[in-house]
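According to TrEMBL, the feature domain 'Cytidyltransferase-like' maps to 10-139. The substrate binding site feature in TrEMBL is assigned to Ser14, Lys46, Met79, Arg93. Sequence annotations record features per position, and here TrEMBL assigns ATP binding site to Ser14, Phe15, His22, Gly94, Leu95, Arg96, Glu104, Tyr129, Gln130, His131, Ile132, Ser133, Ser134, Ser135. Under the heading site 'Transition state stabilizer', TrEMBL lists His22.
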Amino acid sequence: MADRQETVALFAGSFDPITLGHVDLIERASRLFNRLYVVVGVNALKQPLFSLEERLGHLQACLGHLPNVSIQVLEGQLMADLAKELGATCLVRGLRHSGDYVYELPIAQANRGLNPDLETIFLQAQPAYQHISSSLVKEIASYGGDLTSLVPANLLGPLQSKYQSK
C-alpha cells in the first residue's frame, strides 16, 4: 500500500475567547490530519476583548498537548491564500446548529472559488457544546456568571479580570 500524502488543514476563528467547544473541535480535527493550523483571524474593524497576544497565549495553553497543532495568525490576507501558502487542502469549520451551516456555506463556496484545491469540512459540535459561543461567554462573564462549563479552566481568571476592570 502506498504512503498516504501528508494532510494539512486549517481551523480558523477569532477565539475571543477560546471555548470548550473550540477545544473539542480542534482536538477532534487534530486526529483527522497530519498537521492542523489553528488560525487566529485579526479583524481591524472589531475591538476584541483579548489582545492578539493574549489570545495566542490562551490558545497555546489550551492546545499545547496536541503535537500536530500549530497556531498561525491571519491578518491582511485571504484564508484561501493562506491555505495555499501552508499547503493546506482542508478548512475545518464547526457547526453548532443549522444557522451556522447557512452562514458557513457561502464562505465555503467563495473559498473554493478562490482556491479550487481547498475543501471545507464541517464537524458537528458535540451536544454538550452546541449552545456555547464566544459572545455568550462574554455576556455571562460581564455579569459575573459561572463559566466553568463554557471555557477552559485557564481562562476563568483572565475573563474575570477583564470584566472586573471594566
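Even glycines carry a Cβ here, placed using N, Cα and C.
Unlike curated records, TrEMBL annotations are generated automatically.
Counting residue by residue with DSSP, the domain 'Cytidyltransferase-like' (10-139) contains 57 helix, 29 strand, 44 coil.
Looking only at other Cβ atoms within 10 Å, the busiest spot among the binding-site residues Ser14, Gln130, Ser134 turns out to be Ser134. For Lys46 (substrate binding site), applying a Cβ distance below 8 Å and a minimum sequence separation of six or more within one chain yields Ser14. Of all residue pairs in Ser14, Phe15, His22, Gly94, Leu95, Arg96, Glu104, Tyr129, Gln130, His131, Ile132, Ser133, Ser134, Ser135, the annotated binders of ATP, the farthest apart have Cα atoms separated by 18 Å.
It is 15 Å from the Cα atom of Ile132 (ATP binding site) to that of Arg93 (substrate binding site). The number of other Cβ atoms within 10 Å of the Cβ belonging to Arg93 (substrate binding site), over all protein chains shown, comes to 22. Sequence-distant neighbours of Glu104 (ATP binding site): residues of the same chain at least 6 apart with a C-beta under 8 Å from its C-beta are Arg93, Leu95, Thr120, Phe122. The separation of Ser134 (ATP binding site) from Met79 (substrate binding site), Cα to Cα, is 21 Å.
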